[in-house]
Amino acid sequence: MSIIEEARRGIITDEIKSISKLEKVSPEKVRKRIAEGKIMLLRNVKRPSKKLVPIGKGLTTKININIGTSSEVIDLDMELEKVKISNKWGDTLMDLSTGGDIDEIRRKIIDKSDLPVGTVPVYQAFIQSFKKKSGGAYFSEDELLSIVERQLKDGVAFMTIHAGLTRELAIRALKSDRVIPIVSRGGDMIAGWMIHNGKENPYRTNWKYLLELFKEYDATISLGDALRPGATADAHDEFQIGELIETARLVKDAINNGVQVMVEGPGHVPLNEVAWDVKLMKKLTGGVPYYVLGPLVIDVGAPYDHIASSIGAAIASAAGADLLCYLTPAEHLSLPNAKQVEEGAIAYRIAAHAGDIVKLGKKVRKWDDEVSYYRGKLEWDKMIEKLIDPEQAYKVYTQFGEPNVKACTMCGGYCPMMWAMEQVKKIG
């Protein structure tokens, strides 16, 4: 029985109790929202992750970290270093490897990860076809489905499944005047398969079987946005919205069948459209968890897209987005190295918290209030240990040596908080 089915029967499981304690939400609210598909627990019952990661309505915003090899850079040691960084900063992890022994890499990443691991199975199908048959679109439907099942057996907790993309939508998008017709790698692979084979999306024609597979492992289907905007000029055009409408139908079918599901979102979105992007998705899908890539609010930010996108991510989180997929300084330019992965992860941890202050209020802001209290008292050790990155904060605090006065080296003896405390003493 899946977690959704248990919740519908009114069962408060140990996992629901753990979610309640972690997120400070009543067990009954958690149960009800799981039953409705508004909260999910990323997991694979055959291989549980070490970290409990509930995502959805009324819960803190989570962040996802993408790692993985490319056809140009295959360095397993570097990817495993990224796993360590992900364990420290992230909530979920996706292995997007496209180079090397994909099965071996995935299994090693899952073994080293404390987090639920996700994948995009069409990558492996396309790459295997390319290597064996000299063309990426030559894989059969059975080969794609067998890869999905193999990855579930390995312990994958969630997968991007581009089932909302129809053949007709793909053809129209490719013929359109979009700045960039398709930027989703997995989406483009599915589009290419449909055009080459003259068939409908294999995820759509095998949807019922996919539901059975995911239900067996109680894993999550992450409905990919193949036609997400890859330029702010393309945001919320007929193709993005058309796919979202198709996706919304699949969402309802998955939940009705007791399968956990979330929806992936853009992408590149102008600042003024970010909040209503979230609200539109929630309205169409009945409030299932929303997993957004950024979004980037400008197109010219590289190599600072982790900053440009964290602006959109904070707004999305505040508006109700549930899972933020990070970007790194290497986005649009290169495979990220380990340092860039950490920089992206920290930017998104900040964005998620900024959004949660709006979305969840005082219970989240308590952390900020504690830091501000210690800052006002110039209790540096206590303040620093509460910060988002205490180790780096201490390095910055002491970069010119230990301050000679109680204040930091910015204001020194002219620190307003130090003087305010003196004035308070005089006032009595």
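Quick reminder: no glycine exception, Cβ is built from N, Cα and C everywhere.
As annotated by Swiss-Prot, substrate binding site applies to ASN66, MET94, TYR123, HIS162, SER184, ARG185, GLY186, ASP225, ALA226, LEU227, ARG228, GLU264, TYR291, with the evidence given as sequence analysis. Other Cβ atoms within 10 Å of the Cβ of ALA226 (substrate binding site) number 30 in total over all chains.
Applying an 8 A CB threshold to same-chain residues 6+ apart, the list for HIS332 (Zn(2+) binding site) reads ALA302, ASP305. Secondary structure at HIS332 (Zn(2+) binding site), as computed by DSSP, is coil. Here Swiss-Prot flags HIS268, HIS332 as Zn(2+) binding site, drawing on sequence analysis.
Per Swiss-Prot, the feature [4Fe-4S] cluster binding site maps to CYS408, CYS411, CYS415; the stated evidence is sequence analysis. Annotation note: CYS408 ([4Fe-4S] cluster binding site) sits in a coil segment as assigned by DSSP.
Candidates SER184, ALA226, ARG228 (binding-site residues) were compared with HIS268 (Zn(2+) binding site); those inside 10 Å Cα-Cα are ARG228. On a Cα basis, CYS408 ([4Fe-4S] cluster binding site) lies 37 Å away from ASN66 (substrate binding site). Taking the mean position of the Cβ atoms of CYS408, CYS411, CYS415 as the [4Fe-4S] cluster site, the remaining same-chain residues with a Cβ inside 8 Å of that point are PRO403, VAL405, ALA407, THR409, MET410, GLY412, TYR414, PRO416, MET417, MET418. Taking a C-beta cut-off of under 8 angstroms and a sequence separation of 6 or more, CYS411 ([4Fe-4S] cluster binding site) has the following same-chain neighbours: MET418. Comparing the binding-site residues TYR123, TYR291 on other C-beta atoms within 10 angstroms of each C-beta gives the minimum for TYR123. Note: the CA-CA distance between CYS408 ([4Fe-4S] cluster binding site) and SER184 (substrate binding site) rounds to 47 Å.
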